[in-house]
Structure formats: C-alpha cells, structure tokens
Amino acid sequence: VATVDCSDYPKPACTMEYMPLCGSDNKTYGNKCNFCNAVVDSNGTLTLSHFGKC
C-alpha cells in the first residue's frame with residue numbers, strides 16, 4: 001500500500017510542482033501538498049490510491 005506522510009500539513013500555500021498522486025476519491029492531485037491538504041480537510045477519510053494520475 002502506498003502511503004504519504006501528511007504530518008506536517010495542512011499548509012497555507014502549495015508550490016506548483018507537478019508530481020501527481022491519485023486519491024481514494026479517484027481524483028488526481030497535482031502534488032503531495034495539494035493531496036495532504038485534502039486529506040486534512042477530509043478528516044483522514046481520503047487516502048492515497050497510488051502515485052501518478054488516476
């Protein structure tokens with residue numbers, strides 16, 4: 001199972017770097033920061049499906 005450490009999130013701003021991750025909601029997140037902010041917003045219900053685009 002792929003995991004991402006989101007312990008240092010949420011962050012107020014994310015960089016524009018593109019390193020896509022696919023969430024358990026079948027949505028592609030542009031990078032770890034965007035994904036981790038969404039994980040925090042979801043109260044931990046969002047998980048990583050896999051690295052790369054969905």
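Cβ from N, Cα, C; glycine included.
Note that this is a predicted model, so its numbers are computed, not measured.
What Swiss-Prot records as N-linked glycosylation site, among ASN26, ASN43, is residue ASN43. Candidates considered were CYS14, CYS22. The record in Swiss-Prot pairs CYS33 in a disulfide bond with CYS14.
Looking up CYS22 in Swiss-Prot gives a disulphide bond to a cysteine among CYS6, CYS54, identified as CYS54. Across the fold, the C-alpha of ASN43 (N-linked glycosylation site) and the C-alpha of CYS36 (disulfide bond) stand 11 Å from each other. Taking Cβ-Cβ distances under 8 Å and a sequence gap of 6 or more within the same chain, the neighbours of CYS54 (disulfide bond) are CYS22, GLY23, ASN26, LYS27, THR28. Taking a C-beta cut-off of under 8 angstroms and a sequence separation of 6 or more, CYS6 (disulfide bond) has the following same-chain neighbours: LYS32, PHE35, CYS36, VAL39, VAL40.
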